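Chemist: TrEMBL feature annotations, pasted as is:
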| type | residues | note |
| --- | --- | --- |
| TRANSMEM | A:30-52 | transmembrane segment |
| TRANSMEM | A:90-116 | transmembrane segment |
| DOMAIN | A:91-293 | domain 'ABC transmembrane type-1' |
| TRANSMEM | A:123-147 | transmembrane segment |
| TRANSMEM | A:167-189 | transmembrane segment |
| TRANSMEM | A:218-239 | transmembrane segment |
| TRANSMEM | A:274-293 | transmembrane segment |
Amino acid sequence: MTAVAEVPAAAESSRPVAVRRRKRVRPARVVLHVFLTVTALVWLVPLVWAVYTSLRTFADTSQHGYFSLATALTFENYENAWEQAGLPHYFLNSVIITVPAVLLTLLFSASVAFFVSRFNFKVNLFLLMLFTAGNLLPPQVIITPLFRMYLLIPLPDWLSNGSGLMYNSFFGVIMIHVAFQSGFCTFVLSNYMKTIPHELTEAALVDGASVFRQFWQIILPLCRPAFAALATLLTIWIYNDFFWGLVLFQTGADRPITSAISSLQGQYFSNQNLIAAGALLTAIPTLAIYLALQRQFVSGLTLGANKG
Amino acid sequence: MTVITDAAENVAGAGVPGSGRVRRLTGRDKIVLGLMVGIPTLLHVVLVWVPTLVSVLLSFTRWDGIGGLATIKFIGVQNYSTMFTVSPTFWPAVQHNVIWLVFFVLLPTPFGVFLAYQLDKSIRFTRFYQTAIFLPVVISAAVTGFIWQTIYDPDNGLVNSILGTNKPGGTYIEWLGNSHLNLWAVLVAASWKQAAYIMILYLAGLKGADPSLREAAALDGASEWQTFMRVTFPALKPINIIILVVTIIESLRAFDLVYVVAGTNGTKPGLELLSILIANNILGESSLVGYGSALAVVLLVISLAPILSYVFQTFRKEQQS
């Protein structure tokens, strides 16, 4: 690794190796740090600008313009966005959708992954291809018939939050999330389960453990790291969903926060300060999850990417 | 390993005599396994693949969605001929999707790869750089749209404020309103996410690569550019394919960000995309189920190329083994 790191310096100066070994600040390194720092700061500009806008009062910005030094910084816009637009209600909708969707996706994907990775059935490869390909389809390809299907499928009231249909129900949105996301998760989990030694389940099999016990008591506990990574990733993905929440609910009131925010813009968020505050409030949960569980999130992404 | 394989083969080809060392799956085990794979597969097929196929069927019909299923009328390829010849929005949408894809392939994706390559060197503060650049990926595309609206707003936005093009009497630059500009403005915002996403994916690939290859190339006196082009890049073929597929799929899926910045009804001249046209057929007042399905079939056909090549590439190895 260090040898690679020294390549730029080696290319520029023709000094002997012994000199390069010493810890010195190399010009190429400085250039690299300057470049990365500038990039990182440029990448932060939109967020910082939104935060800055959201912390200023409307009176201040309408008098001095947005591109000016703030006379005062307050959380007023956040309070207003939170209360006027009734954000807690939409956050609750998001929780009602996201939590069951993540848990069900993990359970279903783990079941299928167990099947395809621990047994040698002929259908395994086809199943994996089906799930993986399905996960890659753009959602818009299926929305027209899906929307019609959801309008035709009746649901009991307790499942449909009163609408009597798959359409307009939390259940319907949860199901499409599970159906879509289980493609990616099955792929990742089956690769993960393949790395678990067969001797473990073999021993259980000899002891007479049922298939379900092998799954539940041996394989699942061993997949904990993969579950943690995928759960983090899925929570952010599903919470961030805009499309299903927009199309599969008729009215804004039932929508999760990410989808609801576009209709709230016209109704409640009348100025830039409020829009910025509302947008950032919506982003806070995912930002918090990412900053707290960065390792899990990144490894979730890379679990899928590494096993090509 | 072989023991289990044998046992499983016995199940697959029922009746074939096994090694006898491991007992076969019991009837109850088979039922449990059947349910474990059956329920998720059924859900996936019913909600993803059945609508895909129904989309193809419906694209040859006319239906306003109001009457029952009996009012669906078969009209042949009329939806397609309307789409290709009459529709004022179809070709612009295709064009914008192509621009989107080419832009992504040329700018944010290579930039993300470049960032990953730089960050993979053992340097200080790498965690800070990665965290800062990666933040846009965890923010939803919808919220990204709102954040960039505060940047592009003609009166109060950051860009016009810096350029001084928001002064009274001056010429406003309508970044999101001008149909010649708005696609590019949106692409910049989308690249903010895309480059970061590619960076993290590629970084994962680089971490998994064998560092001795690069070290050997460096010892042989290869320049950094040569090392990357001739050694690192070819060695990372699997991740390169994933990057390419992700780039294509993300270009075809582009929706949220555009829908948000396009305003209340989700369409603005200059910002038509296939995904937007399809959604508007459902969200809008006129619901043309057949026509919307025909649009979806076009999107499907385009998507199948990267999807199938990815799936076959990924699973070919396993098929051989």
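The backbone N, Cα and C atoms fix where each Cβ goes, and this holds for glycine too.
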Chemist: Near the transmembrane segment (A:90-116), which residues from the same chain, at least 6 beyond its ends, have a CB less than 8 A from one of its CBs?
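Modeler: Result: 124, 127-128, 131, 170, 173-174, 177-178, 181-182, 185-186, 188-190, 192-193, 215, 219-220, 223, 227, 230-231, 234-235, 238-239, 245, 254-258, 260-261, 264, 285.
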Chemist: In the same chain, which residue numbers or ranges, 6 or more beyond the ends of the transmembrane segment (A:167-189), come under 8 angstroms Cβ to Cβ?
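Modeler: Distal contacts: 93, 96-97, 100-101, 104-106, 108-110, 112-113, 116-117, 128, 131-136, 139, 146-147, 150-151, 153, 155, 159-161, 223, 226, 230, 234, 237-238, 241, 244-245, 248-251, 254, 256, 300, 303-304, 307.
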Chemist: How about long-range neighbours of the transmembrane segment (A:218-239): same chain, 6 or more residues beyond its ends, C-beta under 8 Å?
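Modeler: Tertiary neighbours of the transmembrane segment (A:218-239) are 94, 97-98, 101-102, 105-106, 109-110, 114, 118, 177, 181, 185, 188-189, 192-193, 196, 200-201, 204, 209, 256, 258, 285-286, 289-290, 293, 296-297, 299-301, 303.
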